[in-house]
Amino acid sequence: MKTATQEYAVGKVQDFLLQIGRVVVAGGVELAIFRTSDGEIHAIENRSPHPKGGPLAEGIVSGCYLYDPLYDWKIDLRSGEVQTPDHGKVKVYPVVLDGDSVTVSL
Amino acid sequence: MTVEREKLVLIGNGMAGVGTIEQILKLGGAYDITVFGSEPHPNYNRIMLSYVLEGSKTIEEIVLNDRQWYADHNITLHTGTTVIRIDEAARQIITDNGMSVPYDKAIIATGSNSFILPVPGSDKEGVVGFRDIADCDAMIAAAKQYRTAAVIGGGLLGLEAAKGLVNLGMDVTVVHLLEDLMERQLDHNASSMLQAELARQGVKFAMGKQTIELTGDERVNGLRFSDGTELAADFVVMAVGIKPNTLLAQESGITVNRGIVVDDYLQTSMPGVYSVGECTEHRGICYGLVAPLFEQGSVLAKHLCGVQTQPYEGSVVATKLKISGVDVFSAGEFTETAEHTVISAKDEWKRTYKKILLKNNIIVGAVLFGDVTESANLQKLVKQGAEMTDEIYSEVMGTGCCGGGSAKKGMSVETMADEEIVCGCNGVTKKAIVDAVTENGFTTVDEIKACTGATRSCGGCKPVVEQILQFVLGDSFQQSAKQGICGCTTLSRDEIVAEITAKGLKTTKEVMNVLGWKQAEGCSKCRPAVNYYLGMLYPDTHEDEKESRFVNERMSANIQKDGTFTVVPRMYGGVTTPEDLKRIADVSLKYDVKVVKVTGGQRLDLIGVKKEDVPKVWEELDMPSGYAYAKSLRTVKTCVGSQFCRFGTQDSMGMGALLERKYERLDFPAKFKMAVNGCPRNCAESCTKDIGIVGNDGGWEIFIGGNGGIKPRIADSFCKVKTDEELIEVCSAVMQYYRETGNYLERTSEWVERIGLEQIQQVILDNEDNRKELAARIDFALAQVSDPWKKMLDDQETRTALFEQTRV
């Protein structure tokens, strides 16, 4: 059954260091939230699509891409798509910026 | 007003039909497209089902066009819907769920069904074909529940099914009517080698057996053969052949023989209706392999788009068995008769076999077993009907003169026509690959794969793609692959360092901007490298970029696969105290450390610390960071030495601790390990360290470039010194020279081989000024570093952002 989405205030923009991921648990879901150098904020599920799993928040961020910290998969933070030659998809959650407060809907 | 586009309906959502649609889209065909498929899946790569069964791929991985693809191209897709009739008069397509859709052009690509032997019992439970995802699922499910299986049919599909079931843990017997496996593709020699190889891999065989009945009650429990013998089996796969799926065509009044009869433009007997793929019969032949389907699709797509095309004149059939580790290939004619000239080579030791058949000196067929590197080349020669020459002979039989091999390979790619298809699965021509390389500056097969799709499916064409890459890039193939430090730039390490100095670049961003990086902010390979080079060049002014550090260095702790971390406190020279041990024990208990391990470098590793606990563990340990995570001095391993050991000639523990205190915390191109020994017994194993020091009665001997890891290397003796001061000066100079000339991630074992031991000795030992300058530079850099754990504990903001978990 699909439940309605709920909004979670996850912090202020400045709480998220540029190009460094931060873990926020919202509504029981562990999120990895990134502020890219163009000022955009992206929220993805903090779980690697790699068969061995693992977190994503500690990866290296380049533009809107993330290199996962354990297996170096390249992931598009906007769509969650893993880039070739690897395949997979990370769950992406919509983020709303209102002034300097950051809200994620789940 | 929009122009009404012609309506194109594809019946059959498989590789042949969708491949044709892809060609039409590429050619810019202006159709309103609707696709019907009986299976509930989008188009997947049927030829890779064997890999799914074998377990090396998942179903998701073999999907060729996901639903988004149909949406992106405005194609209406109806899965799980079977078309039952084409109404010629009304120009309507009628489906089993009552839809009727108008068409201007229709393509039938309904493929084929497994041919189920018409013997008693063939309708029992536990009897399946091997054709689609449903069959594949049934086989995987059966393997979980049952032990013995029989596969009827020793052809391509049967053998792939059998090997898949063996991999799934079943006891499998292949039942074959004839004495030779794959007799429609292989000759007797290749066939018996194949059987021997598969037997080695655990497949059993019942050859020359005709099945006359499947026994059992509701569920099958065995097979009965015409010679009266029986075989027990609680699962049976029928892989005796395929039957073109022509029902729809018959019902619609289209001429059908064995398959749906088409002309050289794939046109059926009904106007506006075409047929491609396994359901099609062209000049009396129904093909069951992927390459011909693609060739048919290509002709049909051009025809439908009004592009001039050669008619389809049939295909040369080539076969490759898709079982990992069993390489079989055949193309064209394979059974010799009196009119053939036969070239063959059989090597029973290497288990390879090669045969080429000539007719009037024209290459008409080939069979390969074991070594299939020449398969693409032979397929092309057979298709072209090439005449055998001395050159081709030495090329394909591998008897050319020494060193000629690679040049010959280059030639065969060079002579390949632009329009020739290299990747049969995805229909990628040589020209498309060449264009991808020249227009985008690609240098790797992966880049070509991402852009063109070549090698994406079965991967069999990878050697040819590599050859084309090599051919197009010429001499720069090697160079360009080596030159750039990663895919983001073509600049080498030395060029980058020179540019940073010449232009006074200060940040990774600046470097990447000014030097024209392809990806503006670099990748996980070049960002840490550039950050290191900047720090090495400007030790006092470069502001270290945390965001350009690999996770372990950014967090000052080692990440584990479950996202927890390990903490290793510093123990200078591998020496600790009871007080420190007590504290380590207390903290480990308090923070529920999973494992305390003694490391290879004589330290204690606290494994399994939760991320948010990491700073607290540091705080309560109150010890310096052991740098187990860093490209930096990790440990100085020591033996007991002259303080206690009866053999000791030097104070190894004292010197080890001194060196570790002096050089800790400084960034190196890669991790750096040292050892100090009190005597030549070498208990602390200097020979596998970046710098190994061995004490003797009159001084020290210094070894460099040792490694015990991925590429073990015994260290080279660098020099002998008499005093501790000389020892330190030489160590300083070696380290700094390595820091200044090493490639990021290059260990000293590789660095010594690249630069040369003599060169390093010349720079450091033969030139005192140089040595002292190097030592002064490392001292300057060392003056800038401080303990990262303390720094993090004092910086609440970064600590919170990096380690703490917010809950909302």
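Glycine too: its Cβ is placed from the backbone N, Cα and C atoms.
The number of other Cβ atoms within 10 Å of the Cβ belonging to B:CYS645 ([4Fe-4S] cluster binding site), over all protein chains shown, comes to 16. Sequence annotations record features per position, and here TrEMBL assigns [4Fe-4S] cluster binding site to B:CYS639, B:CYS645, B:CYS679, B:CYS683.
According to its DSSP assignment, B:CYS683 ([4Fe-4S] cluster binding site) is coil. According to TrEMBL, the feature siroheme binding site maps to B:CYS683.
Feature annotation from TrEMBL assigns domain 'FAD/NAD(P)-binding' to B:7-282.
Summarising the annotation, TrEMBL assigns domain 'NADH-rubredoxin oxidoreductase C-terminal' to B:318-385. Taken residue by residue, the domain 'NADH-rubredoxin oxidoreductase C-terminal' (B:318-385) breaks down under DSSP into 10 helix, 33 strand, 25 coil.
What TrEMBL lists as domain 'BFD-like [2Fe-2S]-binding' is B:421-470 (among others).
The residues of the domain 'BFD-like [2Fe-2S]-binding' (B:485-534), classed with DSSP into helix (H, G, I), strand (E, B) and coil, number 27 helix, 2 strand, 21 coil. Per TrEMBL, the feature domain 'BFD-like [2Fe-2S]-binding' maps to B:485-534 (among others).
According to DSSP, the domain 'Nitrite/Sulfite reductase ferredoxin-like' (B:559-622) comprises 27 helix, 15 strand, 22 coil. TrEMBL lists B:559-622 with the feature domain 'Nitrite/Sulfite reductase ferredoxin-like'.
Annotated domain 'Nitrite/sulphite reductase 4Fe-4S' per TrEMBL: B:630-766, in sequence order.
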The domain 'FAD/NAD(P)-binding' (B:7-282) in contact with the domain 'BFD-like [2Fe-2S]-binding' (B:421-470), cutoff 8 A, at least 3 CB pairs, sep 6+: yes
Other same-chain residues whose Cβ falls within 8 Å of the Cβ centroid of B:CYS639, B:CYS645, B:CYS679, B:CYS683, the recorded [4Fe-4S] cluster site, in sequence order: B:VAL640, B:GLY641, B:PHE647, B:GLY648, B:SER652, B:ASN677, B:GLY678, B:ARG681, B:ASN682, B:ALA684
Recorded stretch that, among B:421-470, B:559-622, B:630-766, has the most CB pairs under 8 Å to the domain 'BFD-like [2Fe-2S]-binding' (B:485-534): B:630-766
Secondary structure of B:CYS645 ([4Fe-4S] cluster binding site) (DSSP, helix/strand/coil): coil
Winner by Cβ contact number (other Cβ atoms within 10 Å) across the binding-site residues B:CYS639, B:CYS679, B:CYS683: B:CYS639
Residue distribution over DSSP helix, strand and coil in the domain 'BFD-like [2Fe-2S]-binding' (B:421-470): 28 helix, 5 strand, 17 coil
Helix, strand or coil at B:CYS639 ([4Fe-4S] cluster binding site) [DSSP, three-state]: coil
Mean per-residue pLDDT computed across the domain 'FAD/NAD(P)-binding' (B:7-282): 91
Secondary structure content of the domain 'Nitrite/sulphite reductase 4Fe-4S' (B:630-766), with strand meaning DSSP E or B: 53 helix, 34 strand, 50 coil
